[in-house]
């Protein structure tokens, strides 16, 4: 019941966002998007900590390198200094491309979480669904933003996800689940950073305060 109530509240928030955002300024839209991306990154960090609490001893050794994340092919700024040199149109394009690239992986994680061999799989499953909700909400908000910014900001890079199976044994499932979550956490941090830079520019804050 609590889950349904929470989902209803978020759904109403999304509806309010879609209906009202067309009538408000770009800086306010940036602020709302930044708040949602911050929540997205916070949730992914919490999930990673949950997974760390019950991780196989050899997990760190066996887990694929970050360069194996399916979004690694997308060229993005490596730090804030580089991000500050990137145009608004490119930053919003990168954020939307990363967000879209996680639709299918989040579906996979959502389907695997309830039976994950982890004592907190119920909480993990609930948080994954929250990630999906916030990702959808943020994506809807960014769509409205680019409509205000113009055609040059609407380009999205297509990033295919070829994974569809976490493995058959318990260790493989835990490691691959954790790997995907670590990739998402990395990308959610990028999305959050890009949107915060955009927010700073929209509100004409000094770059060093972004």
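Even glycines carry a Cβ here, placed using N, Cα and C.
Pulled from Swiss-Prot:
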type     : residues : note
SIGNAL   : 1-23     : signal peptide
DISULFID : 69-183   : disulfide bond
DISULFID : 200-210  : disulfide bond
Any idea what the Cα distance is from residue 200 (disulfide bond) over to residue 183 (disulfide bond), rounded to a whole Å?
26
I'd like the number of other C-beta atoms within 10 A of the C-beta of residue 183 (disulfide bond), please.
21
For residue 200 (disulfide bond), what is the tally of other C-beta atoms lying within 10 angstroms of its C-beta?
18
Residue 69 (disulfide bond) has how many other Cβ neighbours within 10 Å of its own Cβ?
19
